[in-house]
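Take a look at the following structure, please.
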Amino acid sequence: MSLHREPTATEVKEQKIYREMGLTDEEFALVESILGRLPNYTETGLFSVMWSEHCSYKNSKVLLKKFPIDGDKVLQGPGEGAGIIDIGDEQAVVFKIESHNHPSAIEPYQGAATGVGGILRDVFSMGARPISLLNSLRFGELTSPKVRYLFEEVVAGIAGYGNCVGVPTVGGEVQFDPCYEGNPLVNAMCVGLIDHKDIQKGQAKGVGNTVMYVGASTGRDGIHGATFASEELSEASEEKRPAVQVGDPFMEKLLLEACLELIKSDALVGIQDMGAAGLTSSSAEMASKAGSGIEMNLDHVPQREKGMTPYEMMLSESQERMLIVVKKGREQEIKDIVAHWGLHAVEVGQVTDDKKLRLLHKGEVVADVPVDALAEDAPVYHKPSKVPAYYEAFQSEKTQWIPTIANVKDTLLSLLQQPTIASKEWVYEQYDYMVQTNTVVSPGSDAAVVRIRGTKKALAMTTDCNSRYLFLDPEVGGKIAIAEAARNIVCSGGVPLGVTDCLNYGNPEKPEIFWQLEKSTDGMSEACRELGTPVIGGNVSLYNETNGVAVYPTPVIGMVGLIEDVGHITTQAFKKAGDLIYVIGEAKAEFGGSELQKLVNGEISGKAPAIDLAVEKKRQEQLLEAIRAGAVASAHDIAEGGLAVALAESMMGEAVGADVVIDGEWTTELFAESQSRFLVSVPKEKQAIFESLVEDAIHLGQVTDHPQLNIQDVNGAQVLQASVNEMLEAWKGAIPCLLKSKA
């Protein structure tokens, strides 16, 4: 039930109740100054959620301005529900990634499920039909019973929601490191398709127009969810379980179809999802973006619980709700469309010209605040920054760690069993990735590929981030995150179009954490400019700490690419015996942050692998040209585990093998994680074309019809011999085996 008596404005100030809501003393004084009076309890709540990091990006906005956001094909950059990029033929791709980390740590099934629901609404509120979902997940070590529980429940929540709503979950990534034990990361991405003429904006335009509420009723779930997402997790966080929202994917499906029908009506003026901060953010942001105001009568808000206060209604984050603005006098048209889908559209207010959010309840004005103060004019901070001692120590090391390998085969099999490298089939077999029947490349390759019906085109999509590199060197790691995502798009035959990012970090009030955020956004910005991939939207999730210990800096990159002709679609699997195997790029003795270092030492240290963005760009462009020329049978990014793992992954499940000759020190050639490298196979008859197009390609060997990996050195000495079955057993069995463990 709600509070019996809300504190008075004076009590809010004197008892410093605003601190419990997340406002600092200085911020409360600023609210008082803006209003020219003390805010009441409800108004304090409005400011506390809108000025939370989750809604305002107050600690990160200064850094986000560094990102390139413009491009020839960008139709909508940051600022709306999702970004939009033109793909020709009057069509565009809409995509966005968001986090649901804190809710997933407390209530993993619903936290993950509602993360999927929220990102779907961001995309279809733009007028786009969602065509795919992806995710990026981080957990602690699977040897921990708590981690196994979180992992299983998060995957079940993603599957449960996505499968029911009828949108395929086609790809993503899952990584495991001890730093995520108490604070898993659950980032969900949605990709949608739209015709230019259907693009919508979340704006409340037209004085006198009607504000309507569509979708599920409002309950008490998720109250202060945005504030909860803007603080560190602790032992007490378990008590905040009621702050986690509960999703209904069947309601979402009805809402999706209703909204896509609504956008065909010229009676619709604006539409926005009620996401973080619920009615507060949707109303304040829609009015602020349009330079207008909104007056709402909360008596008309559909409520599923008795006795809800204005504070509770405005801060609820109940799921499957939309706020829309409709031309005055045409409300019935909207109601009829929505009713066709079994939903209600309720008139809750109107657009005004005074730039205020005015709330009425039981005949009284319960809040009257400037919309710009809530939205655009939230305070912005540039926190102090300090280089961490660990970074200085790593950088000053005179020599870098180089492993000594006693048995190459055992090392490869052990790497294939590492959960970060091992097959994620246990995860994606729970997802319906074929619903809508447009999925061309399923989970498990470098990028997922979804065709665009009625055209020869397809979209490649991926999520990527190696947070170990970012921990060792945030700036270099930021560059690598962008480059690896682009590499995966290119390996699928696509040209990278743009980026949506999810910046997952610790507490920015700690100078060392803010330094990580600052440096990694520097690296990301530079890579985006060099590779021509504008950032069209994203999300910031800070305070990812448990009892004062932060996660690694984890800026997850969501990237979409355009494949002009489905004939160019390429996968990582070797295709047929006789094809020639090439590696593009050279291996260097770079093991800092590598899977091998983690396997051997149990921890990471040293320097991240170096990256030259000009070389990266050249190799990507040349490989894409070779793919389009029909000279490439398979392509795979060389990433975690190095060349040896890439070779193994290229023959998993295929009735082929490989004979390879390496020239150089075995450990470096096979296991170093040097950047800007690709493993490709080339039809023998296309060898001349391939070699004329790709400069840095080194011929390693060829694909065989014997399912075995044979590696020799240039002197003919046997380096490794492993059957595909042995590798497959290690790779596929690792995660299911750990989940069955009772340790």
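Every residue, even glycine, has its Cβ placed from backbone N, Cα and C.
Pulled from Swiss-Prot, these are the listed features:
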- HIS54: active site (ACT_SITE)
- TYR57, LYS96, ASP501, GLY538: ATP binding site (BINDING)
- GLU98, ASN539: Mg(2+) 1 binding site (BINDING)
- SER99, HIS100, ASN101, HIS102, ARG121, GLN245, GLU317, SER318, GLN319, SER541: substrate binding site (BINDING)
- HIS100: active site, proton acceptor (ACT_SITE)
- ASP122, ASP273: Mg(2+) 2 binding site (BINDING)
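Show me how these features fit into the structure around them.
Note on HIS54 (active site): other Cβ atoms within 10 Å of its Cβ, all shown chains, come to 28.
Taking a C-beta cut-off of under 8 Å and a sequence gap of six or more, LYS96 (ATP binding site) has these contacts in its own chain: GLY81, ALA82, GLY83, ILE119, ASP122, VAL123, MET189, CYS190, THR500, GLY537, GLY538, ASN539, GLY558.
For the recorded site, GLU98 (Mg(2+) 1 binding site), the DSSP three-state label reads strand.
Around GLN319 (substrate binding site), the same-chain residues six or more apart in sequence whose CB sits under 8 Å from its CB are THR114, GLY117, GLY118, ALA216, ASP221, GLY222, GLN245, VAL246, GLY247, ASP248, MET251, GLU252, listed in sequence order.
For HIS100 (active site, proton acceptor), the same-chain residues that are 6 or more apart in sequence and have a Cβ closer than 8 Å to its Cβ are GLY111, ALA112, THR114, GLY115, GLY118, VAL186, ASN187, ALA188.
Reduced to three states, the DSSP call for ASP273 (Mg(2+) 2 binding site) is strand.
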Please name the residue among the binding-site residues GLU98, ASP122 whose C-beta has the most neighbouring C-beta atoms within 10 angstroms.
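Ranked by Cβ atoms within 10 Å, first place goes to ASP122.
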Where ASN101 (substrate binding site) and HIS54 (active site) are concerned, what is their Cα separation in Å, rounded?
11
Looking only at DSSP and grouping its letters into three states, which state does GLN319 (substrate binding site) belong to?
coil
List, in sequence order, the residues of the same chain other than TYR57, LYS96, ASP501, GLY538 whose Cβ lies within 8 Å of the centroid of the Cβ atoms of the recorded ATP site.
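Other same-chain residues with Cβ inside the cutoff are LEU64, PRO78, ILE97, GLU98, THR500, CYS502, LEU503, VAL535, GLY537, ASN539, VAL540.
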I need the least crowded one of these binding-site residues (SER99, ASN101), counting other C-beta atoms within 10 angstroms of each C-beta.
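Looking at the binding-site residues SER99, ASN101, the Cβ with the fewest others within 10 Å is that of ASN101.
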Of the recorded positions HIS54, TYR57, ARG121, ASP273, ASP501, which one sits closest to GLU98 (Mg(2+) 1 binding site) when you measure Cα to Cα?
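Spatially nearest to GLU98 (Mg(2+) 1 binding site) by Cα position is ASP501.
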Give me the count of other Cβ atoms within 10 A of the Cβ belonging to ASN539 (Mg(2+) 1 binding site).
24
When you put ASP273 (Mg(2+) 2 binding site) at the centre and draw a 10 Å sphere around its Cα, which of the recorded positions HIS54, TYR57, SER99, ARG121, ASP501 have their Cα inside it?
ARG121
